[in-house]
Amino acid sequence: MSKVNSDDFSVGQWQANASTQIISASISFIASLLIVASTSKSFLSEKKRSNTNTTASKSNRRFSRLNKKTSPYRRIIFLISVSDILYSLAFVTGPFMAQKTNPQARWGVSDSNAACKVNGLFFTVGASTSLLYYASLCYFYYCKISKRMTDEQFTRTFEKKIHIMIACICIANTCLSFAANTYNTYPTGTFCTNANTPAGCDQQPELYGECDPKVEAYIPYFTYFRILVTIFSVVVMLYSMIRLVHSVLNKDRIYGELPADHTQEQLLKYNLRKQLLRETMSQAIMYTVSWFICQSATIAVAVLIFTGVPHEKFPTVFQIYYSAFIPLNSAFNVFIYTRPAVRHVRRMDPSISRFRAFCMVLKAGGEAPNMEQSSSSTNQQLQQDDEQQDEQQLRQEKRSRKVYYQVCHPDQAFDKLQPNGSSREPFGYYYHNCDPSQVLDSLMDENFANLEDEYNEIEERMSGEFELGVRMNVSTFSGPDRTTVHNVDKREPFQFLQVSQLTNETDDCEPRLNLGGENVHMLGRLESNNEDIEADNDCHTVDVSSSEK
């Protein structure tokens, strides 16, 4: 039998396609393993370093916590590589795990469809997660450069949601595929996916027979779902890249202008920072372009199938291109991932070959190894400095120029606001049904002495409902309505009092407050610079009508 199905598709051509696919997927599989091993080593080294920071002081607790965390970039690259491992395995084993009863499955080893279902699981999970994580990587680069988000901000705001979304999509797709029994041999006979059975029945039923009606009823839904996921991912990629390139090309620098009377050190940092910014943009573009190169064959196949061209009649050159490039993504990724560190190693020592530098970087966990007379940490230090600068600026922007006071006890507050006791409705805001010891405990609790440590958690819990005056869950009011918020130690909710608005603040005077000329008892004062917390068992009295410089 010299022909498989038609005069245009010989056994030799099929074997060439299958062999090309296996070789290409094997290269991608090895490359993915190298990235996974390299990033895993980086994770372990970070964990080991974090164990040495347990004696850090409270004042440096937040900074050390930032250092202990690995970058979202590394985690996303790690998950892309894990996805590519599954994807590559599907292509390596596909020609052998396809159901033997299909005439296209020349190397199939089993008449059962069980092995094909496993192969289809690898293919669909690997393909969908890889695609979505590529979109996530592009969006991370966009947030990092265009929105000036730090790694911690991206992790807190987006990363967890991204992982949950992708996990839900993959689990739902897998469960529905098994329930509908749609994992079958693809018409090429070289792997399995959501497809009609017998293979090729949807295009040439006169050759392969009629499709299984139960399976055929579900296949369009999986096709539409795959198209939607692809369109969503491509839109995110293109949007992120366009915005990223626009930010880099249309701004002289992200972190401020170079002073006119700059020093040589400032000039050096300026140039290095600019170089780092463009390097980051180049990395993002390379990841995106490599993905489009590899997936362009998939798009072309979809166009040919849509126009009614059977797989057997695809042009020979296109069949080889399709078999070679679709599983080859990780081979590009491993070189892009190590490229910045390899360039740095060779810049420090030009005598080192590219291959040796590549091996050194992989061995060092994807980073430039320590070398004599080397400034290998310069870019990383600049990036850390910029992140700290961004966070400091963000704290300054979010810090309202107001000073908040805690009212001591509702009765004492009422007595002070209404000395004559003639009315049960104070003019100001006051605590409502709360135990003053709760407030005192929250202020004096050792776990919250450094309020900035808990700012991220508080900010996320507040969800933008309140303007933060200080790094604590103290709410700002603009009207007479009382607003209930939860304390940071998750005790019972109670209401806070905004007793004043800062009208004058200097280093050598008390803030000028406005409470209608009344005195009010205070439990303690939180300064707007977040450095000091004053509280004791006695209430503090502040004469808000006569504060002077």
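Just so you know, glycine gets a Cβ as well, placed from its N, Cα and C.
Note: TrEMBL annotation is automatic and uncurated.
Among the features that TrEMBL reports, transmembrane segment is placed at 20-39, 76-98, 118-142, 162-180, 224-245, 284-308, 320-338. Taken from TrEMBL, the feature domain 'G-protein coupled receptors family 1 profile' applies to 52-337. Taken from TrEMBL, the feature region 'Disordered' covers 368-396. The compositional bias 'Low complexity' feature in TrEMBL is assigned to 373-383.
Highest Cβ contact count with the transmembrane segment (224-245) among the listed stretches 20-39, 76-98, 118-142, 284-308, 320-338 falls to 118-142 (criterion: pairs under 8 Å). Long-range neighbours of the transmembrane segment (284-308) within the same chain, counting only residues 6 or more positions beyond its ends whose Cβ lies under 8 Å from a Cβ of the stretch, are 134, 137-138, 141-142, 203, 237, 240-241, 244-245, 314, 318, 321-322, 325-326, 328-329, 332-333, 336, 339. Outside the transmembrane segment (20-39), and at least 6 residues removed from its termini, the chain residues within Cβ reach (under 8 Å) are 74, 77-78, 81-82, 84-85, 87-92, 94-95, 190-191, 320, 323-331, 333-334, 337-338, 361-362, 365-366.
On the 0 to 100 pLDDT scale, the domain 'G-protein coupled receptors family 1 profile' (52-337) averages 82 in this prediction.
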